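Take a look at the structure below.
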Amino acid sequence: MEMPLVSKPTSLLLPLTFQKLKQPIPPPSTFTKTPQNPSPQHQNKHQKHPSFTPNNHLCLDQTQQLHAHITRTHFNHAQQVSFSPFESHPRYALNTYTYMRKLDIEVDSFIIPSVLKACSQISVARMGKEIHGFSVKNGLVSDVFVVNALMQMYSECGSLVSARLLFDKMSERDVVSWSTMIRAYITLFYGFSQRSIVSWTAMIAGYIRCNDLEEGERLFVRMIEENVFPNDITMLSLIISCGFVGAVQLGKRLHAYILRNGFGMSLALATALVDMYGKCGEIRSARAIFDSMKNKDVMTWTAMISAYAQANCIDYAFQLFVQMRDNGVRPNELTMVSLLSLCAVNGALDMGKWFHAYIDKQGVEVDVILKTALIDMYAKCGDISGAQRLFSEAIDRDICTWNVMMAGYGMHGYGEKALKLFTEMETLGVKPNDITFIGALHACSHAGLVVEGKGLFEKMIHDFGLVPKVEHYGCMVDLLGRAGLLDEAYKMIESMPVTPNIAIWGAMLAACKIHKNSNMGELAARELLALEPQNCGYKVLMSNIYAAANRWNDVAGMRKAVKDTGIKKEPGMSSIEVNGLVHDFKMGDTAHPLIEKISEMLAEMSKKLKEAGYLPDTSVVLHNIDEEEKETALNYHSEKLAMAFGLISTAPGTPIRVVKNLRICDDCHTVTKLLSKIYKRVIIVRDRNRFHHFREGSCSCGGYW
């Protein structure tokens with residue numbers, strides 16, 4: 001799983017539907033008391049304590065938040081005072097709270113939200129402020145559960161400014177935080193007797209950013225019907241919002257509205273259109289607007305470069321950067337972040353180093369985001385030492401910087417270093433977030449640190465109160481599956497509190513392929529195909545598992561099913577950067593201009609490999625053909641073509657770096673180890689899962705990938 005390069009700017013809205021947001025959110029402690037004289041079947045071992053049953057259904061996010069709170073605080077309901085019976089009598093709840101304070105009875109982060117709800121019900125803002133002060137003094141505002149309740153209290157008591165201040169100061173926000181704030185704004189909007197263009201714009205943009213495009217468009221039409229007409233700022237805001245969620249069709253309709261109604265195409269609006277089309281993958285539309293602009297500033301150039309970067313058009317992005325310089329426009333840190341991210345994706349280390357030197361030479365301001373992008377580029381291009389050096393030199397580090405370094409260690413197989421970095425974070429008081437744990441768990445998975453990974457998973461829940469997301473469960477399934485603990489991995493899937501997604505079952509299927517367990521692989525494949533019936537990749541992977549087990553009839557059946565879908569599987573591709581240019585190869589490629597010299601080098605490699613005692617592993621050629629044909633097919637795997645090109649195109653002793661879009665096969669892994677010894681080269685291969693550093697006949701993965 002890829003780590004995010006940098007954090008996106010915090011949005012004012014989350015992608016939730018407003019229909020859901022209009023529904024009242026039941027408070028965590030909404031329960032009703034059972035009859036005072038329960039029947040015998042209602043009596044149990046807890047009879048001496050009041051028994052309560054749910055009155056309203058909590059949403060999943062609230063339930064997970066409550067579960068995390070209970071787990072973190074080791075909550076014992078038998079030792080707590082419940083405020084639930086006072087929901088219809090909020091003053092009693094406040095009196096009880098006051099009485100507890102007088103008697104010096106502990107008031108914790110579980111009780112505070114219930115008391116704050118009582119303040120909301122009778123609009124006692126002064127009491128709510130007192131509770132806020134108490135929470136600050138006693139360190140309870142670090143609990144998102146408490147802060148959400150405070151925001152709810154302030155918004156319902158009419159102090160939206162105070163609620164927003166709390167929201168802005170939150171270091172971490174969950175879905176309840178966002179929905180509470182959004183619901184407050186909705187209430188405010190519909191309470192206006194006269195709505196200005198500013199309020200209309202904010203609400204329409206909010207609907208779009210919540211991905212409720214139909215409601216957003218409906219409100220746009222209603223605004224015009226009420227004779228409130230959009231201005232340049234309105235259209236700019238809506239176009240930006242469309243880009244934020246990838247709503248290209250709505251973006252096109254808004255673009256058409258701009259053209260039909262004679263809006264002046266300002267520099268800001270044109271740049272927003274370029275950015276919107278780029279984020280939606282409409283590169284030609286973005287470039288057409290870009291080329292039509294007479295005046296372009298640094299943000300316009302950056303938007304177009306970012307569009308190419310998002311589409312992974314590395315040549316076009318670099319060419320545009322050259323044009324930008326030639327036009328006398330000085331790139332800023334955002335421009336460089338886009339270019340560095342493109343280098344990271346393509347493993348273009350030489351070009352990445354050139355951009356790094358350019359940043360230093362031109363005095364581009366290196367803020368924490370750009371520094372993080374540089375660390376990420378070096379890590380993803382195979383130079384983990386360079387990444388580590390930059391990280392050590394960084395004075396200002398945010399959580400993204402730590403996460404990128406953690407992910408870098410993980411993808412290079414340095415699990416112990418990742419765990420050491422995690423310990424350093426704790427020592428310095430840097431609070432890890434959910435992405436930190438994803439990186440750390442991945443590092444454990446790639447290094448085979450099963451015990452340590454399990455410990456981290458427990459620490460995330462009990463020490464940091466984080467609710468495991470499906471991504472964390474995916475890491476755990478991957479960790480257990482790679483280690484061959486398939487039964488334990490399957491039990492974890494069965495016990496998950498959330499529905500397993502394609503990432504979960506995909507990790508399980510990949511583990512079954514590694515350990516050649518066709519029976520459990522069939523189970524995982526069935527689940528995947530139920531979730532994504534049009535994805536032929538799972539059928540191909542299952543056919544590979546059958547082939548490895550010599551179940552050729554099943555292979556034929558599965559491949560027929562793939563053929564019937566009419567969808568082609570993702571082809572294996574390998575790329576290598578030489579002298580600042582990235583060269584791509586696919587299996588059996590004959591299109592490269594130097595293919596004759598590459599073929600000669602392949603023949604030389606084959607001869608020297610046999611002299612070194614190499615025996616082709618034909619089991620990885622998953623076709624029912626004879627052994628000689630299988631050996632020929634092996635020779636032309638894309639990574640071998642890339643390595644052959646690297647050997648003829650670089651000086652002796654120069655490291656060779658290859659990026660492959662799929663997992664490197666067993667035979668190519670063996671061959672690369674031997675080639676590193678034969679040609680005395682360091683060969684670094686980045687496949688879909690991790691980095692492999694081949695040196696003197698061995699690999700950094702230790703055969704564990």
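Glycine is treated like the rest: Cβ placed from N, Cα and C.
What TrEMBL says about this one:
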- 24-57: region 'Disordered' (REGION)
- 30-42: compositional bias 'Polar residues' (COMPBIAS)
- 143-177: repeat 'PPR' (REPEAT)
- 196-230: repeat 'PPR' (REPEAT)
- 297-331: repeat 'PPR' (REPEAT)
- 398-432: repeat 'PPR' (REPEAT)
- 613-705: domain 'DYW' (DOMAIN)
If I take every residue in the repeat 'PPR' (196-230) and average their pLDDT values, what number comes out?
90
Looking only at the repeat 'PPR' (143-177), how are its residues distributed among DSSP helix, strand and coil?
26 helix, 0 strand, 9 coil
Do you know the DSSP helix, strand and coil residue counts for the repeat 'PPR' (196-230)?
26 helix, 0 strand, 9 coil
Cβ under 8 Å, sequence separation of at least 6 from the ends of the repeat 'PPR' (398-432): give me the contacting residues as numbers and ranges.
3-7, 171, 368-369, 371-372, 375-376, 378-380, 384, 387-388, 391, 439-440, 442-449, 452, 456, 460, 464, 686, 690-691, 693, 700-702, 704-705
Please spell out the DSSP helix, strand and coil residue counts for the repeat 'PPR' (297-331).
26 helix, 0 strand, 9 coil
The repeat 'PPR' (398-432), counted residue by residue under DSSP: helix, strand, coil:
26 helix, 0 strand, 9 coil
